[in-house]
Amino acid sequence: MNQSVQPDPKVVVALDFPKTQLAEDFARHLDPQLCRLKVGKELFALGGPQLVEKLITQGFEVFLDLKYHDIPNTVAMACRAAAEMGVWMVNVHSLGGRKMMEAAKEAVLSASHQPLLIGVTILTSMETEDLAEIGLTGTPKENVLRLAKLAHSSGLDGVVSSAQEASDLRKEIGQDFCLVTPGIRPANADVNDQKRIMTPADAMAAGSSYLVVGRPITQAKDPIAVLNEINASIGR
């Protein structure tokens, strides 16, 4: 008897909408076998756990992108709550340090449902001069590598980082570390406010595991066509 192969969509659509109804309406036009969904700070503030649970009920795997950054106990409790919500992925700021990340991982492992726990390294909108203003020396790439190594040694499943760093992260950390890449734009799309961007095919070739795509899909005249085009470009 043949067992069906579970889909593993590589595209994570960022539901960056100002109203929950808009996000829900948009999600209804998508296929859980073609993409996962990301719920960020604005949408979660508007819709809360109820929205996330509704999306999960519709068959979507959800990346809860709240970037927790606080004392270890507070972050641990937040990560456990997110895990019990049933999300596929949740993230914390690597700059919170080893103790915070280890507490977060322990909390996730103790939950009845265990999502991937991902560390945020350096925001894709930041460049060397931006880092210098907050007291971090070196380039974004150097800081991403340092924080990714810290996240890995703290037990996290992967990091959020731009595609430009993916090949170096693969060399330094290995193939089993999950790399979640925002700043993804199809070749004909506007770059908007993200500096370190790359096309979907180039990002996957560089070593990215999952691609976060927002406005090029959500603001497209034909979102499904764009999603299908991206999937085709990465061989999905």
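Every residue, even glycine, has its Cβ placed from backbone N, Cα and C.
Here is what Swiss-Prot says about this protein:
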- ASP16, LYS38, 65-74, THR124, ARG185, GLN194, 214-215: substrate binding site (BINDING)
- LYS67: active site, proton donor (ACT_SITE)
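Sequence features annotated in Swiss-Prot and their locations in the structure.
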residue: ASP16; record: substrate binding site; Cβ within 10 Å: 18
residue: LEU66; record: substrate binding site; Cβ within 10 Å: 17
residue: LYS67; record: active site, proton donor; Cβ within 10 Å: 18
residue: HIS69; record: substrate binding site; Cβ within 10 Å: 16
residue: PRO72; record: substrate binding site; Cβ within 10 Å: 18
residue: THR124; record: substrate binding site; Cβ within 10 Å: 23
residue: GLY214; record: substrate binding site; Cβ within 10 Å: 21
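Classification of THR124 (substrate binding site) by DSSP places it in coil, neither helical nor stranded. In this structure the alpha carbons, written CA, of LYS67 (active site, proton donor) and GLY214 (substrate binding site) are 17 Å apart. Following the DSSP three-state reduction, the secondary structure of HIS69 (substrate binding site) is coil.
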